Amino acid sequence: MKIAVLPGDGIGPEIMAEARKVLAALDLPGVILWEGDVGGIGYRRHGQPLPPETLEMARAADAVLFGAVGDPACDGLERHLRPEQAILGLRTALGLFANLRPATMFPGLEDLSGLRPEIAREIDLLIVRELNGDVYFGEKAIRTLDDGRRQGFDFMSYAEDEVRRIAHVGFRAAQGRKGRLCSVDKANVLETSQLWRDVVIEVSAEYPDVELTHMYVDNAAMQLVRNPGQFDTVVTGNLFGDILSDQASMCVGSIGLLASASLGESQTEFGTKGLYEPIHGSAPDIAGTGKANPMAMILSAAMMLRHSFGREADATRIETAVAQALADGVKGADLGGGAGTVEIGDEVLARL
Ligand code: NAI
Ligand code: MG
């Protein structure tokens, strides 16, 4: 188990230390941890946000555990030197095309959701978002028409192999959950979505144990707020997934609790090569104060054990310990509590 640990900037190193503590306590067999510089610290030490030695380390590893990048001191730099380029560079270089964002309501936190507590209580879903295609990657331009008006356009496309591979990720994820997959598209008006739907249905033949449904994206946005408990696993394209995954995560409450995985083709002995990170950024406003909630980082490590190393039992152990700590009232400042970074790490550790 070779893991590239990339703490990054701001609160990144602080929360990563707690995740490492938890991993160390699990006594994993043959685990090798490498640590590399990325983001603003990469720029300061090596002149680049994604130094070649860090990229090499990430390529050689079975999984990447990523803290956060972003440093206000780098704001004036040219775009390609900014810390945030590191995460984009890693996604591209490692071919990470599937973004997994679980959103689960932790008992005791229902009041912190933007939704009514009785509705929030039901949230336990996973969004599988395609990350490498769609309208974000098509030809784009602002051109001037013959009559002088300016027109912006972005070309939206999906090739069937791009849909097929993300569909497989969605079905496999659903198999590991409650066995229900909802494919979200806009097939009533978009040809890309019609192809998406056709391919997802075709792939479903290989997963007779998964119940497949389809939903238009506008309805999905409404249903996520009206009755999120109806969703188990959702698979969708890059644009729709960008919006729906942000929406779903905020239904849960704090940004300090939400983990994510970005997966590529199967490249390891156990499962899929992936990059695991909290959904939040480097939080420069609280960096160095010891107030950052490390739970999202710890839960990202759990996702890594599940998806890259097939260690479901260890992943569940970590997730249960976090849920237990929250239920016992261990809350960081982001949840209106007083527990600091190290204390939260210790409390999770004590419940492993
Ligand atoms: P942010 O997520 O870093 O912070 C937003 C707010 O949430 C802040 O008030 C922060 O204190 C709080 N917060 C975030 N994580 C927390 C945690 N674990 N515990 C307690 N409170 C937490 O987003 P912001 O402020 O927009 O961006 C800061 C920097 O992070 C920027 O440079 C941005 O580009 C970068 N960023 C990096 C990401 C990544 O590495 N994947 C993702 C998002 C932003
Ligand atoms: Mg987004």
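Using the three backbone atoms N, Cα and C, a Cβ is placed for every residue, glycine included.
All TrEMBL annotations are machine predictions without curation.
Features of the protein shown, as given by TrEMBL:
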- R91, R101, R129, D218: substrate binding site (BINDING)
- D218, D242, D246: Mg(2+) binding site (BINDING)
- G281, S282, A283, P284, D285, I286, A287, G288, T289, G290, K291, A292, N293: NAD(+) binding site (BINDING)
- 2-348: domain 'Isopropylmalate dehydrogenase-like' (DOMAIN)
- Y136: site 'Important for catalysis' (SITE)
- K186: site 'Important for catalysis' (SITE)
Remark   = Sorting the binding-site residues R129, A283, T289 by sequence and keeping only those with a Cβ under 6 Å from ligand 1 gives A283
Query = Taking all residues of the domain 'Isopropylmalate dehydrogenase-like' (2-348) together, what is their mean pLDDT?
reply = 94
Ask   = How big is the substrate site in terms of the longest C-alpha to C-alpha distance among R91, R101, R129, D218, in angstrom?
value = 28
Task = Kindly point out which of the binding-site residues R101, D218, D242, D246, G281, N293 have a C-beta less than 6 Å from some atom of ligand 2.
result = D242, D246
Task = Report, as a single number, how many Cβ atoms besides its own are within 10 Å of the Cβ of Y136 (site 'Important for catalysis').
result = 15
Message = Just to be sure I understand: of Y136, K186, G281, D285, A287, T289, which recorded positions have a C-alpha no more than 10 angstroms from the C-alpha of R129 (substrate binding site)?
response = none
Request  = Give the sequence-ordered list of residues that share a chain with A283 (NAD(+) binding site), lie 6 or more positions from it, and have CB atoms under 8 Å from its CB.
outcome  = G10, I11, A68, A292
